[in-house]
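Visitor: Have a look at the structure that comes next, please.
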Amino acid sequence: MRIILLGAPGVGKGTQSNYISKTFGIPQISTGDMLRSAVKAGTPLGVAAKKVMDSGQLVSDEIIIALVKERLTKSDCSNGCLFDGFPRTLTQAEALRKDGIHIDYIVEIDVEDKEIIERMSGRRVHLASGRTYHVSFNPPKTVDIDDETGEPLTQREDDREETVKKRLEIYHAQTEPLIAYYLDLSHNGDLDAPTYFKIEGKGKVEDIRDRILEALMV
């Protein structure tokens, strides 16, 4: 079972990835992790990737796909895997298909942008302890003050509203063509097309988990 998990920043992909991975006994595959591992090990692909990164350029799709193919030969992928943050682009999706890497399911966790912005921009954190609050859902007793120490809370740069909006713009620009590509394969009756599930991402974490697992177990 090979699964691609899609969803904008802030929809809870990390949490749901863990549930899927544990339920089906398949590893999460992250291109970032693969790159770091290959560079650290000094493999031919790692050396090539490091050269590109050191020059300030983006690692090519060719190198990324080669890393994915290499990762899939590992024994822990014998029953499948969960792709985390990959493919990101239409070019990568087409390259997967061209190289015969079959995908069984695509799960999109769907949350409206307005909800995501509220979730992320409302976060506040106590940096020293890591304690996290939310101005609406889990507010501190005193505005912007840590309950235990009385020290000020901080809003991370990534959680600022303008930053969240920009990240969402990038996500939609990259992912909407990807979604259209896979849906077209399915609608055209392609026998190799993955099954596509769009999962409502609002509600309790456990409810979202149950929706995803129910879809994948049908």
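Numbering starts at 1 and runs along the chain as it is shown here.
Cβ atoms are placed via backbone N, Cα and C, with glycine included.
Source: prediction; values computed, not measured.
If you look up Swiss-Prot, you'll see G10, V11, G12, K13, G14, T15, R123, T132, Y133, G203 marked as ATP binding site, on the strength of sequence analysis. Feature annotation from Swiss-Prot assigns AMP binding site to T31, R36, Q57, L58, V59, G85, F86, P87, R88, Q92, R156, R167. The feature region 'NMP' is assigned by Swiss-Prot to 30-59, with sequence analysis given as support. Per Swiss-Prot, region 'LID' is recorded for 122-159, and the stated evidence type is sequence analysis. Here Swiss-Prot flags 141-161 as region 'Disordered'.
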Visitor: Taking only same-chain residues 6+ apart in sequence, whose CB is under 8 Å from that of R88 (AMP binding site), what do you get?
Guide: Q174, T175, L178
Visitor: Average the per-residue pLDDT over the region 'LID' (122-159) and send me the rounded value.
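Guide: Across the region 'LID' (122-159), the average pLDDT comes out at 96.
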Visitor: Return one of helix, strand or coil for Y133 (ATP binding site), based on DSSP.
Guide: strand
Visitor: Using DSSP, what's the helix, strand and coil tally for the region 'Disordered' (141-161)?
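Guide: Helix (H, G, I), strand (E, B), coil: 4 helix, 4 strand, 13 coil.
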Visitor: Output the one of T31, Q57 that, of all these binding-site residues, has the highest number of other Cβ atoms within 10 Å of its Cβ.
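Guide: Highest number of other Cβ atoms within 10 Å: T31.
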Visitor: How many helix, strand and coil residues does the region 'NMP' (30-59) contain under DSSP?
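Guide: Split into helix, strand and coil, the region 'NMP' (30-59) gives 22 helix, 1 strand, 7 coil.
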Visitor: Starting from the Cβ of F86 (AMP binding site), draw a 10 Å sphere and report how many other Cβ atoms land inside it.
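Guide: So the number of other Cβ atoms within 10 Å of F86 (AMP binding site) is 20.
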Visitor: Just to be sure I understand the packing, how many Cβ atoms besides its own are within 10 Å of the Cβ of G14 (ATP binding site)?
Guide: 11
Visitor: If you count Cβ atoms within 10 Å of each one, which of the binding-site residues G10, G12 comes out on top?
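Guide: Of the binding-site residues G10, G12, the highest Cβ count within 10 Å belongs to G10.
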Visitor: Say we define neighbours as other CB atoms within 10 Å of the CB. Which of the binding-site residues R123, R156 has the fewest?
Guide: R156
Visitor: When you measure from the Cβ of Y133 (ATP binding site), how many other Cβ atoms are you left with inside 10 Å?
Guide: 21
Visitor: Check each residue in the chain of V59 (AMP binding site) that is at least six apart in sequence and keep those whose C-beta is under 8 Å from its C-beta; list them in sequence order.
Guide: L35, A49, V52, M53
Visitor: Quick one: which of these binding-site residues, T31, Q57, F86, R156, have their CA within 10 A of R123 (ATP binding site)?
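Guide: So the list reads R156.
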